[in-house]
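Taken from Swiss-Prot, the feature active site, proton acceptor applies to 213. Annotated substrate binding site per Swiss-Prot: 104, 105, 106, 214, 215, 250, 437, 438, 439, 440, 441, 472, in sequence order, evidence recorded as similarity to another entry. Per Swiss-Prot, the feature Mg(2+) binding site maps to 175.
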């Protein structure tokens, strides 16, 4: 309970409690769980942000479980594989086969926003949308766990031994998009996720204003330092709440073509500039503004931009220098020597600033290179960016001390890219865990892989360190496929379509929704009714007359299309 601190002795008690809690937090940080984590703040800062009333969160137990699961996979060179869950039906079916659950912002944006207004993945839905979906699924997990316990404790030991146990409490990793704004927005979002049941949260390095699905065009990155601030804000909130929620840092740098600012020198080597001196003083933004003032619209403005970019000869500054060396009036040996000198000073992992690169170029005699990164800025003020795996590696290395897992969003399922990213990040952070999006946005059949290579893709990149792998929209696509094909067949064949495609398949595969009243917990709440009323209730939902009794016995239907040896088919079996 919170105490009142007024007199001198109470003041000392207040300080004593504070210092004890600071020591407790410091000991927690010194544990194996956080040995790789860097914090730019102190335990004292964290405790000062806490209230006097200590709270605990169920999601913290699942965060610890997720950590153990992923570290085990990492040690074994395997992966936790999962996909985006849409609803309680999916999350309970997944629990029987998978060891983690994903909640996708794309799926929420298209199917379950808090305003009920669907749309594409632009992160323009209310920021409690994904936390609310997490709570929806987390409540379902807990409910089915309670329901199973009641059912099992109503069985004999022999019955329990014959009955498979399902761990419904699989940890949830949720989509935190870009953190939904500034530091305070990220802090409040992460607080919601912990309260609603998330064991892990991922945050990406796109601009929150222009955020898009990772497989759309027009992605705008924020500076490395800005995204680190987001990660620090998330970690601080987790520390204040005393939880071990896993933090996943995602980078979209592999395919991004714009960046919000050039404030971070680590980004400089990937920013594009104009190398055509004929465009000196003729910025693209000014040209477009003039065109609009003169009445140009749409296609005309696009043509103006396309023509300007074609003339601009955009390059990064390192590319500009290397091209200048190649075009020097010197022998091949001298060019090779200059190129080696440049590369030795400016390899991408050194992350030299533009100013440092310009100084080195000047020393090499390349003093009059024309290169301007302001001229090609967009109408919105964004810089042009050359996305690549190298850019993602630089960001992954920078994010690793502040996150538990690093994820590079990619444009295609490319093993060589996965290898380059894993080796690049792990060369500096060998113990960091990696994640991979097995995206349905990829046309896997056009990837050039054989069926065997597709089957082996997950274990193959798992050996590189990608210990958490997921199909973001797996639930969405599975739902659409089943409903579309069933609706079409049902419109044509009526109840036979339902019986053949759904009911018999549920029975054949042991899907527990066959007995949907029991799946929904009717027996569980009958137990409540009977407990309240002394062990008997005339209004129990699963009492005499419930139609689900039809599924308890085994009988045969003569003349079935798929006949057994006796010319009949088993169409129902007793299920517990």
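Just so you know, glycine gets a Cβ as well, placed from its N, Cα and C.
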At 10 angstroms around each C-beta, which of the binding-site residues 104, 437, 439, 441 has the fewest other C-beta atoms nearby?
441
In whole Å, note down how far the CA of the residue listed as 'Mg(2+) binding site' lies from the CA of residue 441 (substrate binding site).
17
In whole Å, note down how far the CA of residue 104 (substrate binding site) lies from the CA of the residue listed as 'Mg(2+) binding site'.
5
Between 106, 175, which of the binding-site residues has its C-beta surrounded by the fewest other C-beta atoms within 10 Å?
106
